[in-house]
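Dropping a structure here in C-alpha cells format, bear with me for questions.
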Amino acid sequence: MAYCLVFVNTNNGHPLLVRSTNILERNEHTPEIILNLLERPSDNQIPLALIGILTSSYTFSTKFGITLRSCHTDDCTIHFHQYNDHLLMCLLEPTEYDVPNECTQYKLVLLRTLFNMIIGYEYIDKISQTNPQKLENDLNLVKYYVDTILNDERTFSFGDLTQCADTLCGFDRNIMYSCLKQISDNLQCEHVSITLSNRIIASSTGWSRLTQAEQYILTLLIALNDYSNDILPTVRDMPVYLDSIDRSHNYRLLSIRVLGQVYVSILCSATPKMSEFESTVDRYCHSQTEHIQNLNSLLYPRSFHDNIIFDHNVQALIYVNRQTHFCVSTLEPTKTSTPLSRTIKKHRYGLLKQFYMEIVRIDKEQILPLGNINNETKMNEMYMLNDDDSQIEHKCYFLREQDYFELYVLFDVNIPTIALRGIAKKTLMMLRKNL
Amino acid sequence: MATLIVDDHPTALLDHQWLNSDQALECLKAIKERTENQLRDFSLLFNPTLPHSIVTKQYRYKILLVGKTGCGKTSLVRALMGKEFSTLNSQPTLGIQTTNIYWPVRINQSTKPVFMFRLDFWDVGHTSSTRFDYIDKDSVDSLDMIIFVVSAADREGFNELHRLIEEKQSQCSPSRRFISLVFITKFDQYPVLTENDANEFQTKYNISVYLLSNAYSTMRLATGYLNLISEKLYRRDLELTGQL
C-alpha cells in the first residue's frame, strides 16, 4: 500500500520530514539504485510546490474557522492532522485504495504517538519554534519507524488496523505469566511484557493500561531489528515518552532478547541498570529455557500453537476479541516443512487487509436508517467473492458473534461457496476457546 | 580495502595461528552461522556450547562505541561479525544497544589454555546520549575498552577526537584503566582524512588507529580485528593484575 507522510511547519511551509512508501520500495533494491535516487530526485519525491499548496490550503481554511480534515484529487486523498499550533501532518494515499476513514485516522494517531514517544511532545513543541533545523535532524530518529508504519507489509501484523494488540494463540500462558510476575516483583516495575517478535505473549496490568497505540509502537520498537535483517542486539535501553502516564518525563524501555524472537521488556525510570535487568531476567527465565524454546519454535511465524489445526482451505485469517482488545492473525495457517515465500505472504496479507477494510467500511455505514433512528443493526456475517474478468480470484468470509468476537478468513479459491459459513463458524468456535 | 596500522606490541600474548587448527574450527563452528561465513546472533539464553575439555574459562568484557550519528558504529559491529559493513539505509541507534560477540582465544603459555571471550559491544546512539544524561552514566560503568569511531569525511570530528578521549577518561574510574582504539570508517567514500592523519594521531597520542572501508568486510577481516581486540584486552588484564 502506497502512502506518503509530510510533517510540515505551517509558519513557513518548510517540510521537516517527508517519507514515501514508493521510495521505500525502491530502497529495498541494490545500493546503486539508492545512490541514483539520492543523486537524481525522482518523480516519487514530492515537489516543494505541492507541499506549499497543501500547507497553505490548510492554513487558509483555518483562518476562516474551517478545519480541513481531508481533501481529494482524482487519484489521491490527502488527510490532515494538526500536531500542534504550527505543525501539520499530511498523509497522502491513492484514492483507488478507498481506505476507510477510521483506518487512516488511526494511522495518523500511530504516527503522532511515535513522534511523541521517541522525541517527546513538549520537546517538539518547544524546539519547533526555537530551532526547527535541530528538530529536522532529530526527526531522523523516527524515519525507520515511520517507514514501517507506512509500509506495514514489513510486520505482517494487523494491530494497526484492528486497533487491538497483536498476540498469539493456543498455548499455556501461566508459565510466562509467573515468569513475568517474578521479574515485575523483583524489579518493582509495573510495566512488563513478554513478546514474540511484535506479538504479546504476556503483559502486566500496567502495560495493558497503556493506550493501544502506545502498545503497538512499543512492540514495534522492541522487535525492530527483526524486520531489518540487521544484527539482533541482546539488550536495548531506549528513552521513551509515554503520554498516557506523564509526557514531561522520559521513561526507559529496557528490552532483552531472551531466545530467538522472544523478548522481555520493561518500562522504568532511573533504575534498574542494564546489567541488573539482564541478571534478573536470566534468573527467572533460565529455568524456563525449554518452554521458551518451544514457544519460539511452535508459535513463530504461524502465531498459533501446533495443536490448533485449521481447515486446509483456510489461507489466512484474523481473529479479534474486542472484549480483551487482542487480535491474532496468520498468513500460513497450515504448518509445512518449508516456510511460505514472502511473495505469497504479501499477496495474502494484501487480500485479507483489503477484506478487513471493506467490512469496516460497510460496518460504519448506516444500515437500514429508515424508521427507527436508534435501530443499530449490525452486520454479523458476510462473504465476498472477488473476481476479475468473470474468474473468481479469492473468497473471504466475515463472522461476528456476541458483538465482540470477529473472524476474517481468506479461503482458497476452489472451496465451494456453500462451505464458507460452516468452516468459519467452526473456526471461530475453536478460537473463542483459546482467546 | 581496509588498512590495518601495525600494532605496537611485537610479542603476542595470544596464539593467533591456533585459529587455523582443527580444535579452533570446532570452537568456530559453535559461534558461526551454519550457512554463511559470519558470526551468529546470540541471546540471553542462547550461548555457544563448547566442550569443557577445550574451553576452560569464559571472560566477559565491556566495549563502548563512541562517535557521531551516522559515523558507522552499528555498522562496525556488523563488520566485526563478518557481516557486510554498509552505512547505506541504516537507521540511527536509539539509546543503547548491546551485542554479544563470542570469540575463542588460546593463550601463549606452556599449558596453552583456551578461553572464550564474550565481547559485549555497547552501541550508544549519539543523539540519545547528548539528550539523556543517564545513558552516558550507565555506559561508562565498568568499562574495558572504548572504540572511538569517526567518519573519514569528518575532519572536524577527527580534530576533536583527542579532547573526546580525555573527556571519557576523566569520566571513568582511574583504578580501572580502559583501552582506547580509533576506527576511521567510510574510507572509500569521499575521505577527507588520509592515512598520514591516522599515522600522526597514532604516533602523537599512542592510540591505535584502524581504517575501514564500506566494501570488502569479510569474516577474515573480522577475525583480524577480533584477535587484535582480544589481545589488547588480555594484555590489559595482565597489566592490571601485575602479571606483566
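Every residue gets a Cβ built from N, Cα and C, even glycine.
The GTP binding site annotation in TrEMBL covers B:Gly67, B:Lys68, B:Thr69, B:Gly70, B:Cys71, B:Gly72, B:Lys73, B:Thr74. Among the features that TrEMBL reports, Mg(2+) binding site is placed at B:Thr74, B:Thr93.
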Out of B:Gly67, B:Lys68, B:Cys71, give those binding-site residues positioned within 10 angstroms of B:Thr93 (Mg(2+) binding site), comparing C-alpha atoms, in sequence order.
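Those near B:Thr93 (Mg(2+) binding site) - Cα within 10 Å - do not exist; the answer is none.
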Would you kindly determine which binding-site residues in the set B:Lys68, B:Cys71, B:Gly72, B:Lys73, B:Thr74, B:Thr93 have their Cβ under 8 angstroms from any Cβ of chain A, listing them in sequence order or replying 'none'?
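Cβ contacts with A, in sequence order: B:Thr74.
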Same-chain residues six or more away whose CB lies under 8 A from the CB of B:Thr69 (GTP binding site)?
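Result: B:Pro92, B:Gly125, B:His126, B:Thr127.
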Let me make sure I understand the structure: which of the binding-site residues listed (B:Gly67, B:Gly70, B:Gly72) has the fewest other Cβ atoms within 10 A of its Cβ?
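Sparsest of the binding-site residues B:Gly67, B:Gly70, B:Gly72 by Cβ contacts within 10 Å: B:Gly70.
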By a simple count, how many Cβ atoms lie within 10 Å of the Cβ of B:Lys73 (GTP binding site), its own Cβ left out?
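Around B:Lys73 (GTP binding site), other Cβ atoms within 10 Å: 29.
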